[in-house]
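Colleague: According to TrEMBL, the record shows the following:
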type	residues	note
TRANSMEM	6-24	transmembrane segment
TRANSMEM	31-57	transmembrane segment
TRANSMEM	95-116	transmembrane segment
TRANSMEM	146-173	transmembrane segment
TRANSMEM	179-198	transmembrane segment
TRANSMEM	219-239	transmembrane segment
TRANSMEM	245-275	transmembrane segment
């Protein structure tokens, strides 16, 4: 049985239970809220153990193997071809974990630098879009199941830990990147970042009734088109044609230019249906 899908589904259900339970018990003693969290986590662990056919004592080792063992290597035979495939899979998984760690360290270091400087601009904020996008792009290239699982688990962890203090825009960005993979990364991670940087630095002509600039939107359309064309060899069938990619890039840039707040969700959804 696949271990990745059920784990993500149970994590999402447990997060929803924790959020609802915390809202309902917020007026009560903090110990009650903590009890809700413990019950939700414990129940999810028991359900997942039953689904995987293992005991609770085996669960930590099982989860460790999901992270540090390539998903493609589990459940295969012990032959020479599998041994070679296993080594390749483990190499990619370890490389991904190292690369992702470097992006996290870069984000933390950059955040500390901006804090010391005492000022934050649009260009500074989009740096985090780029580092998160690098994580998702590398995962989509080399380990789609693992990046899908990691994305949803990251979203759940941020919701539980940060709660109401967590920036809603970050949650929208992460859910947009996670939910519809290639269009999400192209629009939210790459296109929106390029549009903000180019628009703030070189934008002079603004769209009617909008703060966005023509230069930023043009740069966004170009960035989305280039990224999707480069990603065509990695897309599952049917592969979108070049005219469809260009048209999608133009439409997404137009939507971004005239929407506020909801673009991190709207762009991946619209991009998905346009490229389907």
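Cβ atoms here come from the backbone N, Cα and C positions, even for glycine.
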Colleague: Counting CB pairs under 8 Å, which listed stretch among 6-24, 179-198, 245-275 touches the transmembrane segment (219-239) the most?
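Modeller: It is 179-198 that shares the most Cβ pairs under 8 Å with the transmembrane segment (219-239).
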Colleague: Does the transmembrane segment (31-57) reach the transmembrane segment (6-24), going by 3 or more CB pairs under 8 Å (6 or more apart in sequence)?
Modeller: yes
